[in-house]
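Here the structure is laid out as structure tokens; the discussion comes afterwards.
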Amino acid sequence: MEEVRVFPLTCAVQNYAWGKVGLDSEVAKLVIGGDPLAVIEVGKHYAELWMGAHPKGDAQIKDNRIAQTTLGQWIAHFPASLGSKVKDTFQGQLPFLLKVLSVNTALSVQAHPNRELAARLHTQFPEHYPDTNHKPEMAIALTRFQGLCGFRPVEEILGFLKSVPEFHALVGNAAAEELRSSMGDAARTSQALKKCFTRMMNCEKKVFVDQLNMLVKRVTEEGAAGKDTSSSNGDLLLRLHSQYPGDIGCFSIYFLNLMDLDAGQAMFLGASEPHAYLYGDCIECMACSDNTVRAGLTPKYIDVNTLCEMLDYSSAPASSKIFPCVQDPSDPCVSLYDPPVPDFTVMRIQVPASVKQYTVAPLDSASIVLVIEGDASAASPAALSDITLRRGTVLFISANESVSLHITSQSGMSMFRACCLL
């Protein structure tokens with residue numbers, strides 16, 4: 001029988017405690033859109049949808065003509081489906097994992113190791129660092145999305161050291177003075193920033209809990225008295241403290257840029273970039289790894305020393321952290337988010353209402369397509385029969401295969417496509 005090379009997937013859902021609940025979650029809405037028989041539980045957290053072949057969440061193949069049950073098994077049988085360059089470069093593995101995240105409460109302050117550090121951490125602490133791969137990732141907002149990313153400009157950090165005495169107490173006079181006097185010398189600034197951050201992260205628990213309680217009390221009282229608490233980043237502080245009371249991560253808001261992304265805006269998180277997701281729904285694409293070094297806003301394993309050693313201490317404004325997308329020169333419906341790593345590229349495909357026939361172009365890479373909005377009937381010589389696409393449908397497309405869409409929805413279509421463009 002002819003081999004089916006384009007097929008729909010049923011993807012793994014992760015019910016982490018920070019996820020949005022029930023049908024408030026974009027993840028849950030996509031799951032039920034893709035499979036109307038799926039059951040969404042009212043009080044359950046729907047945090048992540050994993051679209052790929054990661055061993056912790058390998059997608060199920062939704063085509064009973066295919067003998068293999070999961071995408072990972074199928075790719076192992078048909079590695080040519082990855083595309084020749086991808087197959088050779090990534091040893092016959094799908095190099096990326098596409099996700100949807102629905103964030104209700106903050107995720108940990110974290111960074112991901114580069115390949116060299118990942119290999120070392122995996123050897124030393126395999127229980128905490130499960131593989132040897134790096135984990136660059138990109139978040140593209142689906143709704144307004146809030147996160148922390150990278151160190152703020154030094155002037156902003158110095159401003160908080162001045163206006164938030166409780167923060168100053170954790171960093172200490174000497175380190176704060178060193179940061180102030182390093183202004184204008186980038187190398188000295190990053191050393192001073194490392195010292196400030198490390199001092200704060202290594203504070204004795206009793207000291208930082210006392211300072212945090214004093215700060216929360218002060219900001220709460222000032223807010224109740226109608227005062228502006230923005231010089232202490234008051235609203236965000238109170239929100240994070242209500243989610244993670246007594247957590248050192250609450251102070252990270254004075255070091256890291258606050259990012260407010262509108263739908264379609266993205267941020268790229270390279271190796272060693274400190275970050276935390278705070279609220280909202282996003283598409284996330286990453287190298288296929290589970291290596292995360294955490295340092296706060298989490299009940300999980302915290303590895304403060306590794307984090308403080310590995311971070312990129314360059315400071316830059318929030319605006320510089322927004323990752324630009326570019327128009328695909330060969331297709332006006334496609335915007336490309338092409339990060340400076342080989343493992344993945346994401347395409348946002350927006351087909352206007354006036355277009356009823358659209359071809360998902362062949363690539364020299366396997367790809368995964370997620371439908372966000374719209375309905376269509378999809379035909380491909382590699383599918384052998386038509387596939388119905390609707391909100392929540394996830395499609396695996398082998399390398400060098402095209403898919404023709406006959407669009408039936410009145411308002412066009414919106415899709416994301418993850419691939420590897422070497």
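Glycine is treated like the rest: Cβ placed from N, Cα and C.
TrEMBL does not curate its annotations; it predicts them automatically.
The annotation domain 'Phosphomannose isomerase type I catalytic' is assigned in TrEMBL to 6-154.
Counting only residues at least six positions away in the same chain, the Cβ atoms of H112, F268, L269, E284, C285, M286, A287 sit under 8 Å from the Cβ of E137 (Zn(2+) binding site). Summarising the annotation, TrEMBL assigns Zn(2+) binding site to Q110, H112, E137, H275.
Summarised by DSSP class, the composition of the domain 'Phosphomannose isomerase type I helical insertion' (170-256) is 67 helix, 1 strand, 19 coil. The domain 'Phosphomannose isomerase type I helical insertion' feature in TrEMBL is assigned to 170-256.
Listed in sequence order, the residues of the same chain lying 6 or more apart from R294 (active site) and placing their CB within less than 8 Å of its CB are S108, V109, Q110, K300, Y301, I302, D303, L307. The active site feature in TrEMBL is assigned to R294.
As annotated by TrEMBL, domain 'Phosphomannose isomerase type I C-terminal' applies to 336-376. Sorting the domain 'Phosphomannose isomerase type I C-terminal' (336-376) by DSSP state (H, G, I as helix; E, B as strand; all else coil) yields 0 helix, 21 strand, 20 coil.
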Reduced to three DSSP states, the domain 'Phosphomannose isomerase type I catalytic' (6-154) has 40 helix, 42 strand, 67 coil
Long-range Cβ list for H275 (Zn(2+) binding site), cut-off under 8 Å, min separation 6+ in sequence, same chain only, gives V109, Q110, A111, G147, L148, C149, G150, L256, M267, L269
Same-chain shell around Zn(2+) excluding Q110, H112, E137, H275, C-beta within 8 angstroms of the CB centroid, reads A111, K135, L269, E273, T292
